[in-house]
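Questions regarding the structure given below will be posed in turn.
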């Protein structure tokens, strides 16, 4: 569920590991969730996802030979590939206490490598967005052309999500990450070639972003093999916070770099970030075989995509968790109205920045509270109420709040939107290992689409009515949809909670 950005994950049990190898948004890196990889998204917890990764967008566990059935307890905690030891042959560490902190996760070498690659990828994405937009504007002096350029950074992820995420299940995930980074490095460098026509820049930009889809799906699925249970929860929080920080660094550094060396050079040098990312994964993550292949021994992307779609939308738990992630399309609508909201409050660019930062500030607080102060079973029960609470602050726009109140309300919404971590962790418990990459990608693509459509719809509606009406309407719709999902989740969540408790019961 992304680097999101569907980026949000919380459960106390390791995902099931198969004998070979085991997504936001998020969401995504997630929930990925804003511009982009939020992915990791965030599965959509705070700012529009750039890829839930999927940040961001959430995903999985199950035996290697089939999806998890509701009553199936997960296998006992094992090593990353189902072996009963670490990479050096020593017994695996016991499952840590649910309060395990970020430091313990950062002690895992493979996680550090994935985290570093993700940070470089996020920063590179936003640097690319700024540099290419400036490059196009310099050549055309057209705001429309610059706007089309930005739109092209979202569309490939929406289109490619259902089509390319399955590559993370058909091929070794480490290899998928490395190949995607190398391809992006070459394509991005080509964009910076002086004299390239606008249509050439747009075409290369579109194609260069497509590898983000299998990259995010493979990274999210691989992380669930490397760190499990509460370590996975903490790792997801680190990825989400990194997405937020990477967004800020990429945007801030991007403007400075473009101003210093020029747009063409900035784009070409940006390709190096992806090469460095590939090198880090190559050196820091060990090889694992592909988690599945078709019956005739040959990989079939079409068959994997078809079966994965049926898996996600055919399982009531996965379908409900995916819809929880996509609620970000409603409660993130104020993000797209930051400028008119700031103008109405008598502020300028600084006020707009505060409004856009509100959800992210809340997400940091919410993520800490959920991971450090609330036990896993309670988190699972809070998923529905928190989803309702994420949209509820928008109803206060009826009172026409001042700027400080707007920021506070959006921070409150961002705090509640940390439920995306819970949704992602539950997703991980319920998806079989061999479908994890595609499942992450589907939810992350849906998160991207939901956020993009939500922001576009809000921008259109504000032309015929007021921002107040649009935001209150989004709040009403968000609360109603979340309430319905919460009721449904309360009826079907029992199996996920039983899966969480199974290892500790077995140990006893």
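Cβ coordinates come from backbone N, Cα and C, glycine included.
Owing to the predicted nature of the structure, the values given are computational and were not obtained by experimental measurement.
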Do you know which of 302-319, 320-337 TrEMBL annotates as transmembrane segment?
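Spelled out, TrEMBL records transmembrane segment over residues 320-337, not the other listed ranges.
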Which range out of 199-222, 382-399, 405-431 gives the transmembrane segment (320-337) the most CB pairs under 8 Å?
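So the stretch in question is 405-431.
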Can you tell me which recorded stretch out of 113-137, 382-399, 468-490 has the most Cβ pairs within less than 8 Å of the transmembrane segment (199-222)?
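By Cβ pairs under 8 Å, 113-137 leads among 113-137, 382-399, 468-490.
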State the non-local partners of the transmembrane segment (176-193) in its own chain: residues 6+ outside its ends, Cβ under 8 Å from one of its Cβ atoms.
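Distal contacts: 117, 121, 124, 128, 131-132, 135, 167-168, 201, 204-205, 207-208, 211-212, 214-215, 217-219, 222, 263-272, 274-275, 277-278, 281-282, 285.
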Top stretch among 382-399, 405-431, 438-462, 468-490 for CB pairs under 8 A with the transmembrane segment (349-370)?
405-431
Out of 382-399, 438-462, 468-490, which stretch touches the transmembrane segment (405-431) the most, going by CB pairs under 8 Å?
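Per the Cβ count, the answer is 382-399.
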